[in-house]
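Structure record follows, encoded as structure tokens.
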Amino acid sequence: GLPVSIICIAFLLATYVIFKELHTLPGKNLMSLCASLGLSQFFWLLASGETAHPMFCHVSAMILQYLFLVTFTCMSVIAYDTRRAFPQHQAPIAHNTFPSASNLRLLCYLAFAWGLPLAYVLLCVILDNVDIVAIGYGNSFNCWLSNPTEEMIFFGVPVTVSLLFNLGAFVRTVRAIRSTKKGSQRLSKHSGNQADEVKIYFRLLTLMGFTWFFGLGANLIHPYLRYPFVILTSLHGVYLALAFAFKPHVFKLYRD
């Protein structure tokens with residue numbers, strides 16, 4: 001599924017780069033996520049099995065840890081920004097009201113999403129090199145974190161924190177959307193389009209990385225959960241493309 005996912009991510013990223021109409025703050029956050037997810041999946045295909053070259057394998061494991069963590073911080077940024085855009089009991093916040101403020105917020109988001117994982121992985125590498133912990137970047141089987149306990153601590157814990165944050169933000173966003181919808185229905189005296197609401201929730205779900213709960217469950221509950229984890233996670237780019245690229249609005253941009 002990874003090759004198909006990477007192709008879909010490349011198409012989605014190219015679409016958002018080409019059309020300036022999509023260069024909103026949420027659009028740029030999505031581009032950041034696509035870049036990190038596409039790089040992590042591509043590098044996993046390229047390097048995770050290159051065990052014949054120990055040094056390359058060692059460095060590849062570090063890079064993969066970094067890229068996957070960036071993907072999660074990008075998803076958490078989107079979860080936070082989406083939650084911020086749909087505050088409960090208030091009107092949605094317009095992202096482009098103040099362009100300079102929007103650009104500053106984007107820089108803060110990018111610094112957090114790409115900078116925090118870099119500092120974290122550098123700390124992990126230092127701890128591993130001075131033998132305080134044995135993370136084990138790469139071995140004869142794959143170019144990843146080879147010690148299961150350290151993998152769970154130094155990769156699983158930050159991933160879990162990100163997923164729980166995303167879940168909380170998702171629940172609060174859904175509640176805010178439904179609250180806003182009920183208010184608008186009372187004013188207009190007619191029901192909204194249920195299909196449109198479902199589409200919004202689907203788009204939000206594709207951005208949160210919830211399929212990784214199966215991966216955590218495979219380590220904590222039962223190994224068989226690894227099968228749905230691998231299948232669903234390897235198709236992440238497909239979900240994103242379906243949610244954000246294959247839309248009438250985007251098709252119209254290409255036709256025009």
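Cβ coordinates are placed from backbone N, Cα and C, and glycine is handled just like the others.
All TrEMBL annotations are machine predictions without curation.
What TrEMBL records for this protein:
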type: DOMAIN; residues: 1-248; note: domain 'G-protein coupled receptors family 2 profile 2'
type: TRANSMEM; residues: 6-23; note: transmembrane segment
type: TRANSMEM; residues: 59-80; note: transmembrane segment
type: TRANSMEM; residues: 106-132; note: transmembrane segment
type: TRANSMEM; residues: 152-171; note: transmembrane segment
type: TRANSMEM; residues: 200-221; note: transmembrane segment
type: TRANSMEM; residues: 227-246; note: transmembrane segment
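Panel annotation: around the transmembrane segment (227-246), residues 1-2, 4-9, 11-12, 15-16, 30, 33-34, 37-38, 41, 202-203, 205-207, 209, 211-212, 214-215, 217-218 of the same chain, lying at least six beyond its termini, place a Cβ under 8 Å from a Cβ of the stretch. The average pLDDT computed over the domain 'G-protein coupled receptors family 2 profile 2' (1-248) stands at 87.
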